[in-house]
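Colleague: Below: one structure in C-alpha cells.
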Amino acid sequence: MEQAAVCPAVGGSYPQKNAEILSSQYGINLFLAGLLLTFAWAVHAVGISKSHLLSYLITLMLIQLLWMLWYLCRSCTQRRLIRDKDTHAGARWLKCGITLFAVITLILDSFKIGYYIDFSNCLSPTEGIFPVTHAVHTILQVYFLWCHAKDVIQSFKTLERFGVIHSVFTNLLLWTNGVLTESKHQLNEHKERLITLGFGNITVALDDHAPQCNCTTTTLCSIFSQGIYYLYPFNIEYHILASTMLYVLWKNIGRKVEYHQQNKTPFKFHGITVGMIFGLIVLTSTIAIVVVYLIQIGGSKIKSELALTMFYLHAIFVLALMCTAGIIALLIYRLEDRSLDNSKNPARKLDAELLVGTAAGSWLLSWGSILAIICAQGHPKYTWYNLPYSVLVIIEKYIQNLFIIESIHREQEKANDDIKTLRIVTISRGSTLSLTPLYKEIYNGRAARDSGDMPCLFKGSICGRENDGAGVAKEETSQDNSLVMHSASDFSFYSRNSVTNNKRRILKNIAAFLFLCNLSLWIPPAFGCRPEYDNGLEEIVFGFEPWIIVVNLAMPFSIFYRMHSAASLFEVNCKT
C-alpha cells in the first residue's frame with residue numbers, strides 16, 4: 001500500500017524535471033544564438049549588420065509580450081482561486097527599485113526614438129521599431145513583475161516554464177546588448193585618453209558605428225547621442241534585475257510551498273543615524289570625485305595623473321572603512337548564538353550565488369592589476385596606489401560576502417521566551433481571575449499603586465487565590481517575596497535585552513553604511529570613471545586588446561555586484 005502511494009508521486013516528478021531541463025536548454029540556445037549575433041555585429045562580421053541583431057531582439061520581445069498577455073488574461077479569469085505565493089520573492093523594495101530603473105529606461109527609449117528621427121535618412125527602420133517595442137515591453141514587464149513575481153505556478157507548468165525561461169534570457173540578451181553598446185562608447189573615450197597619458201603607441205583605430213549622414217537638427221542630435229550613454233547604466237541594471245526576478249519565478253514553478261508565518265520587515269530610519277550620516281558623506285564625496293575625474297582625465301598628462309591619484313586615495317579610504325565595518329559585524333555574529341535558516345528558498349540561494357559569482361569579475365581585474373604592477377618594468381608614481389586599491393577590493397568583497405550571506409541565512413529574532421510564556425494575573429478576594437495591566441506598568445511599579453492589587457508573576461503558570469481566610473497574611477508575605485525575586489530576575493532580563501538591542505543597533509548602522517558605500521562604488525564605473533581603462537599599465541604588460549577584452553568581460557559583473565550588494569544590504573537592514 002505504501003509503495004503504491006509513493007510510486008505515483010515519484011513518477012509524477014519526472015515530467016516536471018524533464019520540462020525544467022528542456023526549458024533551460026531552450027533558453028541557453030536562445031541566449032547563445034543572440035550572443036553570437038551580438039559579437040558578429042561588434043566585430044563588423046561580413047553580412048551581419050545592426051538591423052539583424054535588432055530584428056532578433058524585437059522578435060524575442062514580441063514573443064515574451066504574447067506570453068505575458070496570455071498569462072495575465074488567464075490570471076484575470078482565475079483571480080478568485082487561492083494561489084500559492086513565495087513570500088521571499090519579489091520584495092516591495094525590489095519592485096520599487098526595478099520601477100525606478102524602468103522609468104529611466106523609458107526615457108532612454110524616447111531618446112533613441114528622437115535620435116532615429118534625426119538620422120532617419122540613413123538608419124534602418126529596425127532602429128526606430130526597436131525602442132518602441134522595448135518601451136511597450138518594459139511597461140508590461142514591470143506590471144507583470146509587480147503582480148506576479150511571488151506566484152508559485154501549479155498549472156500549465158510545462159508551457160509556463162518555457163515562457164518564463166524565454167523571458168529570463170530575453171532580458172539577459174537585452175542586458176548584453178546594452179553592456180556592449182555602452183562598453184564600445186567607453187572604449188572609444190579610453191583610447192583618446194591614453195594618448196594624453198603618453199600611451200599613444202598602444203592605441204588602435206576608433207571603433208565607430210555612427211550614422212553615415214548628417215543630422216537634421218545638430219543640437220538635438222548632440223543631446224540625444226550624449227544623453228543615451230549616461231542613461232545606459234540604469235537600463236543595464238533594469239534588465240539584470242528583471243532577469244533575476246523572473247529566474248526565481250521559474251525556479252518556483254511546481255514547488256511545494258511551506259506555509260509559515262512570514263514576519264513583515266519594514267525599513268525604518270530610526271536607530272541608523274550614524275550609519276546613514278557616514279554613508280551619505282561617502283556618497284557625496286564619491287559623486288564629487290567622479291565629477292572631477294571626468295573633467296580632468298584626458299585633459300593633459302598631469303591632470304590625468306592627478307585624477308587617477310585622487311581616485312585611488314579616495315577608494316582606498318572607503319574600502320578600508322568598509323572592511324573595518326564588515327569585520328565588526330562578523331565579530332558581533334560570532335558573539336551571538338542564533339541558528340541559521342536552512343529551509344529551501346530559491347530567492348535567497350540565488351542572492352548568495354550572484355554575490356560570489358559577480359564578485360569574481362572584480363577579483364579578476366584586481367589580480368590582473370597586481371600582476372601588472374609586479375611585472376612592469378617602469379612604474380609611474382600614480383600606479384603604485386593601484387596596488388593597495390586592488391588588494392583592498394579583494395579583501396572587502398570577501399568580508400562583505402561573508403556578512404551578507406550569513407545575515408540572509410540567520411533566522412529572524414523572535415520574541416523572548418520569557419515574554420511569550422509570561423502570565424500575569426491579580427489575586428482578588430472573592431472574585432474570578434482577571435488580567436493585570438501591561439508588563440511595563442508592573443515593572444515600573446505603577447500597577448500596585450493604581451489598583452491596590454499585588455501582582456503575582458510565575459513563568460508559564462497562573463497563580464490562584466487561597467480559599468481559606470486564615471491564609472491571607474501568609475499569602476501577602478509570599479507575594480512580597482515573590483515580587484522582590486521577580487524584580488531581580490526582570491532586571492537581569494532587562495540588562496540582557498539591552499545588550500541585544502545595542503548589538504542589533506550596531507548591525508543596522510553597519511548595514512546602512514555598507515548599503516550607501518556600495519551605491520557610492522557603483523557610480524564611478526557605471527558613469528565612465530574606470531581606472532582599469534585609464535592608467536595604461538595593464539595594457540603595457542598584457543597588451544592592449546587582451547586587457548580590454550578582460551575589462552569588457554569583467555566590468556559588467558563588477559558593476560552589477562555593487563548594485564546587488566546594495567539591494568541585499570537593504571534587506572539585511574530590514575531583517576536585523
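Just so you know, glycine gets a Cβ as well, placed from its N, Cα and C.
Owing to the predicted nature of the structure, the values given are computational and were not obtained by experimental measurement.
According to TrEMBL, the record shows the following:
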type     : residues : note
TRANSMEM : 26-47    : transmembrane segment
TRANSMEM : 53-72    : transmembrane segment
TRANSMEM : 93-117   : transmembrane segment
TRANSMEM : 129-146  : transmembrane segment
TRANSMEM : 158-176  : transmembrane segment
TRANSMEM : 229-250  : transmembrane segment
TRANSMEM : 271-295  : transmembrane segment
TRANSMEM : 311-333  : transmembrane segment
TRANSMEM : 354-374  : transmembrane segment
TRANSMEM : 386-405  : transmembrane segment
TRANSMEM : 506-528  : transmembrane segment
TRANSMEM : 540-561  : transmembrane segment
Colleague: Who are the chain neighbours of the transmembrane segment (311-333) in space, where the CB to CB distance is under 8 Å and they lie at least 6 residues beyond its ends?
Modeller: 278, 282, 285-286, 289, 293, 382, 385-386, 388-389, 392-393, 395-396, 399-400, 402-403, 406, 410, 503, 506-507, 510-511, 513-514, 517, 520-521, 524, 529, 531
Colleague: If you count Cβ pairs under 8 Å, which stretch among 26-47, 93-117, 129-146, 354-374, 386-405 touches the transmembrane segment (229-250) the most?
Modeller: 93-117
Colleague: Report, as numbers and ranges, every residue of the chain located at least six residues beyond the transmembrane segment (354-374) whose Cβ falls under 8 Å of a Cβ in that stretch; write 'none' if there are none.
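Modeller: For the transmembrane segment (354-374), the sequence-distant neighbours (Cβ-Cβ under 8 Å, at least 6 residues beyond its ends) are 244, 383-384, 386-387, 389-391, 393-394, 397, 401, 404-405, 532, 537-538, 540-542, 547, 550-551, 553-558, 560-561, 564-565, 568.
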Colleague: So which residues does the transmembrane segment (129-146) touch in its own chain, when a touch means Cβ under 8 Å and the partner is 6 or more beyond its ends?
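Modeller: That would be 54, 57-58, 61-62, 64-65, 68-69, 71-72, 90, 95, 98-99, 102, 105-106, 109-110, 112-113, 116, 167, 171, 174, 238, 242, 245-246.
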Colleague: Same chain, outside the transmembrane segment (540-561) by at least 6, Cβ under 8 Å from its Cβ: which residues?
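Modeller: For the transmembrane segment (540-561), the nonlocal Cβ contacts are 175, 179, 183, 187, 190, 199, 202-204, 233, 236-237, 240, 354-355, 357-362, 364-365, 368, 371-372, 375-376, 397, 522, 525-526, 530, 532-533.
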